[in-house]
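Features as listed in TrEMBL:
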DOMAIN    27-141  domain 'PH'
DOMAIN    151-186  domain 'EF-hand'
DOMAIN    187-227  domain 'EF-hand'
REGION    457-524  region 'Disordered'
COMPBIAS  463-475  compositional bias 'Acidic residues'
COMPBIAS  491-506  compositional bias 'Low complexity'
COMPBIAS  507-524  compositional bias 'Basic and acidic residues'
DOMAIN    528-641  domain 'PI-PLC Y-box'
DOMAIN    643-768  domain 'C2'
Amino acid sequence: MASPHRTKPYTELTSLTNGPPRYLDQRAFVERVLAELGQGTSLFKVKSPTKMLERTFYLDMKNMCVYYDGSKKKNRDTSVRISKIREVREGEKDFSKKLKDLEKNLCFVIILGSTQRALYMMAEKQQTRDKWVRGLRYAIQIDQLAEQRNETDRNIRDAFNMADKNGDGSLDFDEVLKLLKTLNADVKKKYAREMFDAADTNKNGKGNNSVLDREEFVNFYHRLTKRVEVEEVFLRFSRGKGFMTLKDILTFLREGQKMKNVTDEDGRNVLDQFEPDKGLKMREHMSADAFRKLITSERQQLFNPAHKLIYQDMTRPMTDYFIDSSHNTYLAEDQLKGPSKVEMYIEALQKGCRCVELDCWDGSDGEPVIYHGHTLTSKIKFEDVIKAVNNYAFESSAYPVTLSLENHCSIEQQEVMAQMMNSILGDKIWRPQADMIHIPSPEELKNKIVIKGKKLSKAAEEEHNDDVSDEDEAAEVPTNSEGDNTDGDGHNTTSSTNNNNNNHTGTQERRKSQSSESKKIKLDRQLSLITTMKSVGLKTVENNPEPVSNFTVISIGESKTEKMIHSSPNNLNTITHHRIVRTYPSGTRTDSSNYNPVPMWNHGCQIVALNYQTPGEAMQLNHGRFLDNGRTGYVLKPDFLLSDEHFGLVTGAKDRGVCKNLKITIISGFQIPKPNDSEKGEVIDPFVKVELYGVAADANEFKTKVIENNGFNPRWYETCMFQVTVPELAMVRFTVIDQDRARDDFIGYYCLPVMSIQEGFRHFPLFDQHGAPFKQSLIFTHVTLTDA
């Protein structure tokens, strides 16, 4: 990597869900529903099946919020902004115990924010429930549309209203300075005073006490947020004029943004989309304001918009893809005593996960449950999880979802499992023809659910239940110094009394049970028949490495996989040519931490299962990996991982002629948020960390300087250069960090594959630790990706 150096600045609303009755005019119907909800209706807040609080709820479309009265508790927040509502669900789509034994057709659930906090509601009549569901969804649409049209001005006005404590519609200079701090803008007092006086056009203040009304403050804000670095790009391509001609626009797209096959019509389309001034548009001229909108638009961001679509071949065998996958999906916290939640399956599927895990155990009432066996984690019903999968499997992607079953159930409850899946999932379950010998493709399995687990032999399936080897993750906590000593799906085959450093509550109990477990379990015939992705042991595969015709998967623990990567990488890579390899975190990770998924991907492992509930580096890399290919949850592996060449050959990437030079200039940031735990009034000192992930030879990082007291519009103008030997596997992660005396604080990240990068002047958004985007926060860069 070249030494960092500072560079010079570059010289209409949809209808309500399900629609109104046919005989009513839609507009009149919508207005009637909103008017009725605005007058208030009686609803119940459901705390439990036996505890419900009746309140009068109102939908306030003027202030875009829902509020209620009737609470006797002081200081209780009785309103929710529409912008905070993530989703509204009917009762039958939620499986919380809070709705147990209640009439689902009267219930609905309001899901708030990225934390998935839920408000459980019940109406007296289904008609009232339906009006609230439809009305809230309509309000969400209106709020999102307003946000898209003019989010900046709306946020400024909201901030102004909050700062206007006495409600007189104006702010004096001291109040404006305080408001700027809440907006994370720290400017010199003299400069702020000059901008304030320039914006005070109405002269509404008394005597020497000047004030700004709301619209004056909006003007003041825009003056303050004028982005010099963007204007420099505009001046460069407009050749010093106050506007860009059609020729200038085409030059910017072709030379500045390195876009290919740009036509005059493309330039005119840009004008039509971004230039609001009809006079300028008629003359084929673009203003600086329109250029600012263009350069920050989604299609001009760092991530290639073509890769937001499905552009890869989806007809290859499933073995040819990386597959977005979750480990112990049901767990919301740690692996030993935390809660299990159905909501974790919903959240994972909504985020694009295509392989979820179900640890199945006998329930006390004859119905199977899911939990982390032999621990203090709570239990959820198998049936509720299957219902959630049925409702949410294909919400984010039409491509197949795999249910990875860890089967610890008796024959009787295995039969119940099979009945439930057949009844609830029905035709969604993939049931191949008996004579099928090829491995199916994601395209073949579209909108299908694949069940992974142990299978009986064909002869046994035709007649009766039988024994199969018990190979699962039930004993994934290693009990010796070698770490994972597993076969098949991770079953520990070695007994040991050695303790490890993570011997928390429940671990010894698990070991006692595991050491006495038989290596054989009874498998129900009906469950075997619907299980179509067969789990096999690693030893079986190592003894028979040749291609197979059946659809098989091998689960290998983290430690064993790492050992194979270091001692026999070619062997691991060869196995992944013809079989799916699933990796999972070591059992010592009782805190639900994650391993680095990159080495597993580098060696062709398809299902790299991660603890979805734990934010951090691993989940950020996973997020970046699966932004690709239309966020289908399936990314085609590079050609060299699909051929009979062994992985070791890719280290000779220079001979392959595919080496790239990646040059990144971090120019500036815009509206960078404060860390979650920052003190009130604190202004951040941000810097950007750029990390390259991929094969070992490509691992590298770079840090910008720290910009003190400016999270509003920090400017860095710093450049780094990376040589990328295997660009097909490489990823870049940007992390924005607040430097602090005690410790540096994470603010946000962005991660993407190198091959999805667009060259030129590009912005990218920031995501919080849970993968939710920050509104309006951007980092401005200039990027080139050239042959080495």
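From the backbone N, Cα and C atoms, a Cβ is placed for every residue, glycine too.
Mean model confidence for the domain 'EF-hand' (187-227) is a pLDDT of 82. For the domain 'C2' (643-768), DSSP puts the residue distribution at 16 helix, 59 strand, 51 coil. Counting residue by residue with DSSP, the domain 'EF-hand' (151-186) contains 23 helix, 3 strand, 10 coil.
Shown for the domain 'EF-hand' (187-227): DSSP residue counts in helix, strand and coil, namely 22 helix, 5 strand, 14 coil.
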